[in-house]
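Submitted below is the structure of interest, expressed as structure tokens.
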Amino acid sequence: MGCVISCGLKLVLQIFNTVLCVAFLAVAVFGIILKSSKSFVQKILEKIFQHDSSSNNEDLERFANFIIENAGGIAIVLIVVGLALAALCLIGCIASCCGCGILLKIYAVILIILLVVQIIAVAVIFSDPNRTSGWLVSSLETLLESYGEQDAKGSMSKAVWNLLMGLEEPFCCGMNGYKDFPNLATNLPPQCCGTASGNCDSKAAATAKVKGCEKKIVQFTTDNMKILMYVSIGAILFQAALIVIVMLVICL
């Protein structure tokens, strides 16, 4: 009976590790594409943001280029993490197939270490829900200061903020309203007048009374952090179950 249970657990372990190995290899491949095929990534980004009718092609192109130019570090992380975790899954698969006790123990120890690291990371990141939104608001405020400047940073600020202000209706304006654009009194973003295009000045913006984007940013961050937290908890529970299965295989 114990032999049957052990074989069943090994089969489950092999299936889990095979699926995870393929998934992590896919992550690594995506990282390679992100690093090497910038034109492919740009087309994907432009298709995603084309659904936002309030943003023009110039803003979309600038934002796509910004993401691509700053995606090198992310791509490397995806490649390294994807390949490392795929290798770990391969070790688990080989260990369960061959019944190698030493490999299974090494696999279990690595899983336990990763589980502890994940728990600590989740506790730190999600202990203060306002930390992430506060950091994002602060970063966007700094970027907003360059809006309207005739340089690369100003162009990037304009692209990011135009997309943000017109992301969904009702539109928002700046971080706290049209007064965030003191140097553009006669040429404010059209969103400050509640429209996707056209001219907007401080008088029209004062009449439109469009609110700032801070509340929208905080709400967006909070909602997505909740989703990320649930996904992280699910990953922790799955990993804990995987550790239990490995321990049972070792003991049986």
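Cβ atoms are placed via backbone N, Cα and C, with glycine included.
Quick paste from TrEMBL:
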type: TRANSMEM; residues: 12-34; note: transmembrane segment
type: TRANSMEM; residues: 71-94; note: transmembrane segment
type: TRANSMEM; residues: 106-126; note: transmembrane segment
type: DISULFID; residues: CYS172-CYS213; note: disulfide bond
type: DISULFID; residues: CYS173-CYS192; note: disulfide bond
type: TRANSMEM; residues: 227-251; note: transmembrane segment
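Each of the listed features needs to be described in terms of its position in the shown structure.
Remote same-chain residues near the transmembrane segment (12-34) are listed as 40-41, 71, 74-79, 81-83, 85-86, 89-90, 92-93, 96-97, 242, 245-246, 249 (criterion: CB distance under 8 Å, separation of at least six residues from the stretch ends).
Sequence-distant neighbours of the transmembrane segment (71-94) (same chain, 6+ residues past either end, Cβ-Cβ under 8 Å): 13-14, 16-18, 20-21, 24-32, 34-35, 41, 100, 103-104, 106-107, 110, 246.
Beyond its flanks by at least six residues, the transmembrane segment (106-126) meets 88, 91-92, 95, 132, 225, 229, 232-233, 235-236, 239-240, 242-243, 246-247, 250 of its own chain at Cβ-Cβ distances under 8 Å.
Cβ environment of CYS213 (disulfide bond): LEU140, LEU164, MET165, CYS172, CYS173, GLY174, MET175 lie under 8 Å away, each six or more residues apart in the same chain.
In the three-state DSSP classification, CYS192 (disulfide bond) falls within a helix.
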Show which residues of the chain containing CYS192 (disulfide bond), separated from it by at least 6 in sequence, have their CB under 8 Å from its CB.
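CYS192 (disulfide bond) has long-range Cβ partners MET165, CYS173, GLY174, GLY177, TYR178, PHE181, CYS200, ALA205, ALA208, VAL210.
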May I ask for the residues of the chain that lie six or more residues beyond the transmembrane segment (227-251) and have a Cβ under 8 Å from a Cβ within it?
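Residues 5-6, 9-10, 12-13, 16, 92, 96, 101, 104-105, 107-108, 111-112, 114-115, 118-119, 122, 126.
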